[in-house]
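Pulled from Swiss-Prot:
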- H108, H112, D286: Fe cation binding site (BINDING)
- L129, I130, S131, G132, G133, D161, E178, S258: substrate binding site (BINDING)
Amino acid sequence: MLVLGVESTAHTISLGLVKDGDVLGQVGKTYVPPSGLGIHPREAADHHSQMAPQLLSHLLYRHGVRLSDVDVVAYAAGPGLGPALRVGAVLARAIAIKLGVPIVPVHHGIAHIEIARYATKSCDPLVVLISGGHTVIAGYSDRRYRIFGETLDVAIGNAIDMFAREAGLGFPGVPAVERCGESADRLVEFPMPIVGQDMSYAGLTTYALKLLKEGVPLSVICKSLVEAAYYMLAEVTERALAFTRKSELVVAGGVARSRRLREILSQVGAYHGAEVKVVPDEYAGDNGAMIALTGYYAYKRGVYTTPEESFVRQRWRLDAVDVPWFWDLCNR
């Protein structure tokens with residue numbers, strides 16, 4: 001079975017192929033906003049519309065397959081930016097209609113988790129999902145991923161990106177801020193707002209910008225911001241590990257590329273006897289392979305729809321989605 005996956009939730013348009021549960025590959029292009037500006041949804045959508053045809057041709061050519069070989073089409077149905085999501089949905093819908101094949105709507109966050117489980121050969125982990133749009137600590141129980149901690153406002157990646165943009169550090173913000181902080185010789189105290197098992201990151205950005213206006217060296221702010229953000233996440237993760245007693249801790253999403261975050265979470269995992277596994281860099285950011293892979297497992301369990309019902313959902317909680325295929329990844 002050959003599955004084509006389409007990812008277009010935010011700044012990246014990406015297509016991937018999965019054959020019989022194995023990832024063949026992916027291609028993608030990222031919309032980079034003008035310096036000092038955030039992502040404009042319609043401009044991102046225009047970018048995706050322009051890039052999609054050539055990406056599809058390139059992907060098929062690279063792997064020696066024809067469009068007619070595709071058996072199932074999967075697309076990221078949400079959450080995400082409405083105009084960007086619709087570009088991917090329209091592309092997937094058009095291909096499904098042309099080929100007369102099923103179409104599978106995929107939750108973007110769950111796809112991040114499944115590609116991480118696949119790539120790290122994990123079965124039943126506690127998952128730390130961290131990206132521009134997600135900050136969630138989750139674990140499987142009773143048909144769904146249950147949330148053991150999450151952000152109350154903006155995601156960790158978004159918070160750091162916003163500071164990077166205002167400070168003129170460029171995009172993407174997380175690696176830029178981490179590089180900026182490497183030369184710092186000290187830390188300044190940051191607020192670390194944690195409410196129960198939930199975190200608030202919006203205030204960290206505001207506080208960092210306040211320090212910048214007060215003349216605190218940029219490198220010191222960058223290092224302190226990153227340390228505060230990551231240690232907040234580590235505290236909530238540690239509590240979740242103590243509660244769930246999971247033996248695996250999987251780190252997924254674009255921010256999983258952070259070497260400093262890996263160090264901190266590795267210490268948490270070691271303390272609780274959990275093996276820490278980090279998604280490979282090639283699958284950390286938004287990618288079509290994760291959509292195709294999740295679509296493959298979903299379709300095998302009877303989860304699909306018709307082109308007429310292939311809608312998008314800008315807001316879509318991760319714990320609102322059944323994952324009947326969960327144990328299938330343990331039996332590969």
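For all residues, glycine too, the Cβ spot is worked out from N, Cα and C.
Within 10 Å of L129 (substrate binding site), judged by CA to CA distance, lie the following binding-site residues from the set H108, H112, D286: H112. In this structure, L129 (substrate binding site) is part of a beta strand by DSSP. Neighbour counts were taken as the number of other C-beta atoms within 10 angstroms of each residue's C-beta; across the binding-site residues H108, H112, the minimum falls on H108. Cα to Cα, S131 (substrate binding site) and D286 (Fe cation binding site) are separated by 9 Å. Looking at G132 (substrate binding site) and D286 (Fe cation binding site), their Cα atoms lie 10 Å from each other.
The binding-site residues considered are G132, G133; of these, G133 has the fewest other C-beta atoms within 10 angstroms of its C-beta. For the recorded Fe cation site, residues H108, H112, D286 set the reference point as the centre of their Cβ atoms, and the other residues of that chain within 8 Å of it by Cβ are E7, T9, A76, G109, A111, S131, G133, H134, G253, N287, M290, I291.
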